[in-house]
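Trainee: Before we start, here is the structure in question, set down as structure tokens.
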Amino acid sequence: MIIIIDFGSQYNQLIARRVRESRVYCQITAPTLTLDEIKALRPEGIILSGGPSSIYAENSPRTDPGIFELGIPVLGICYGMQFMIDVLGGKVRGAGKREYGFAEFTAGQSEGLFKGISERTMPCWMSHGDAAETLPPGFEIIGSTRNTKIAAVAHPGKRLFGLQFHPEVEHTPKGKRILENFLFDICGCKPEWTMTSFAEEAVAAIREQVGDKKVILGLSGGVDSSVTGLLIHRAIGSNLTCIFVDNGLLRKNEMEKLKVSLRQHLRMNIRFVEASDLFLDALSGVADPERKRKIIGRIFMDVFEAEARKITDVEFLAQGTLYPDIIESVSPFGGPTAVIKSHHNVGGLPEKMQLKLVEPLKFLFKDEVRQLGEALGLDEELVWRQPFPGPGLAIRVLGEITRERLDVLREADAVLLEEIRKSGYYRKLWQSFAVLLPIKSVGVMGDQRTYENILAVRAVTSRDAMTADWARLPHDLLGTISNRIINEVKGVNRVVYDISSKPPATIEWE
Ligand code: XMP
């Protein structure tokens, strides 16, 4: 495995992605990790990330210089290289002017980091204010750009390397090859990390952590909690109990599909708790979106806890926490802080019930979770399910919620999703769904005047839900969706398409 020491660069996750795409396992760690902790992880190589600090700034992040004496290959990127040069006796200075963007890099050798790259000159992506001026003993320059003489360095004997540019970004086209040379040739890693091998290790780790104790898990129907459940189920079988709460705000046939795919096919131990009356009664007359969320969150907690207490001797609560939730490079000085993002629904439960956490996905990115789901035999439909908010259809029936309005939305949403799936757009979209508006409009059906509901269709593309663009769906597809909904869903006589992006709009309407 490779350790990436986090000096606060915005590209840290990208370094991790690149290493894992090359099928080598890696972990991002804080610079405060001690030498003993590093040794205990038995890394085959260490990557020092970039970072926004100047090496001379007060409190600039540092890690134990002993890492350069472990005999483990080290690659310093940008600030990481400057740190290495600084602590080993070279000199780094303020570069006068910042170098940002494309630069033409000329490699001074064709082996080592640059093995197999036929061109000597290649574009690279720079983003730095400081630059190395003199090298520590034993180091040599292995590449330059016009503005940066010391753009790549090596100490071949100690297998220490530095790059002033960022090999991890797309704008450095040969970056992947350079990183792979470091991983495979220099560190001797093998491209063996697959989801099957991850699953085996994770199952062993869960058994070790949990032993013969019982675990509970809140299943939401999404890919993260489903894969978490599957993995733990594989490790401890029926000592895992999953709890799925039917809050009456689910999409059409959602619970039935889970029963078939998780309980029937994969034999998971799941308790389905029917609580829709509790939720819908409490939501009656409530139109404010935030009040809706609070009510739903509170009732969920109560129902989940009551069900969990029926299971005796539970010691662990499982959660589908993902890697981006625990990496947080916000502090330019601190490196990552392990912030455990509590599941929006069960936050507080671990303390209240004195449960320990099991989080087997906490080192995976979302697309890796999907691959893992596939490797574990999860239904294709569940693996690729678009995100669905915890408060469910409650925040898509705008204004007051009634059972009738939920039914109208549920039917329209089912038609919409069927057409989106048929068209091949489902996986390309971050989310696609229907929203029932709290106003009516006039229409004509047959010879009759109608005065019915308006339904909005929302479809967006996004990488992470922080920003989103409205999807340019083909007009014919939108036409079919509109036609089918107006014809097949009683109570809707008009369909509109939402063409706002986030920001300034949000993805959900409430
Ligand atoms: P917005 O509407 O803020 O949504 O652009 C961003 C993403 O979060 C989902 N979302 C929620 N998920 N509880 C959840 O679990 C919520 O209260 C909630 N509100 C929004 C939304 O579907 C989108 O993926």
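Yeah, the Cβs are placed from backbone N, Cα and C, and that goes for glycine too.
Bear in mind that TrEMBL entries carry predicted annotations, made automatically and left uncurated.
In case it helps, TrEMBL gives these features for our protein:
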type: ACT_SITE; residues: Cys78; note: active site, nucleophile
type: ACT_SITE; residues: His166; note: active site
type: ACT_SITE; residues: Glu168; note: active site
type: DOMAIN; residues: 193-385; note: domain 'GMPS ATP-PPase'
type: BINDING; residues: Ser220, Gly221, Gly222, Val223, Asp224, Ser225, Ser226; note: ATP binding site
Trainee: Would you say which of the recorded positions Cys78, Val223 has the most Cβ atoms within 10 Å of its own Cβ?
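Mentor: The largest 10 Å Cβ neighbour count belongs to Cys78.
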Trainee: Using C-alpha atoms only, work out the spacing between Gly221 (ATP binding site) and the residue listed as 'active site, nucleophile' and round it to an integer in Å.
Mentor: 42
Trainee: In three-state terms from DSSP, label Val223 (ATP binding site) for me.
Mentor: helix
Trainee: If you count, for each of the recorded positions Glu168, Asp224, the other Cβ atoms lying within 10 Å of its Cβ, which residue has the minimum?
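Mentor: Ranked by other Cβ atoms within 10 Å, the recorded positions Glu168, Asp224 bottom out at Asp224.
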Trainee: Please work out the mean pLDDT for the residues of the domain 'GMPS ATP-PPase' (193-385).
Mentor: 89
Trainee: Name them in sequence order: residues not among Ser220, Gly221, Gly222, Val223, Asp224, Ser225, Ser226 whose Cβ is within 8 Å of the mean position of the Cβ atoms defining the ATP site.
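Mentor: In sequence order, the nearby non-listed residues are Leu219, Val227, Thr228, Gly320, Leu382, Arg385.
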Trainee: Spatially speaking, which of the binding-site residues Ser220, Val223, Ser226 is closest to Glu168 (active site)? Use C-alpha to C-alpha, please.
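Mentor: Sorting the binding-site residues by distance from Glu168 (active site), the top entry is Val223.
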Trainee: Specify the count of other C-beta atoms within 10 Å of the C-beta of Ser220 (ATP binding site).
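Mentor: I get 20 for this one.
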Trainee: Tell me the Cα distance separating Cys78 (active site, nucleophile) from His166 (active site), rounded to the nearest angstrom.
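Mentor: With distance taken Cα to Cα, Cys78 (active site, nucleophile) is 7 Å from His166 (active site).
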Trainee: How many neighbouring Cβ atoms, not counting its own, are there within 10 Å of the Cβ of Gly221 (ATP binding site)?
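Mentor: Here the count is 18.
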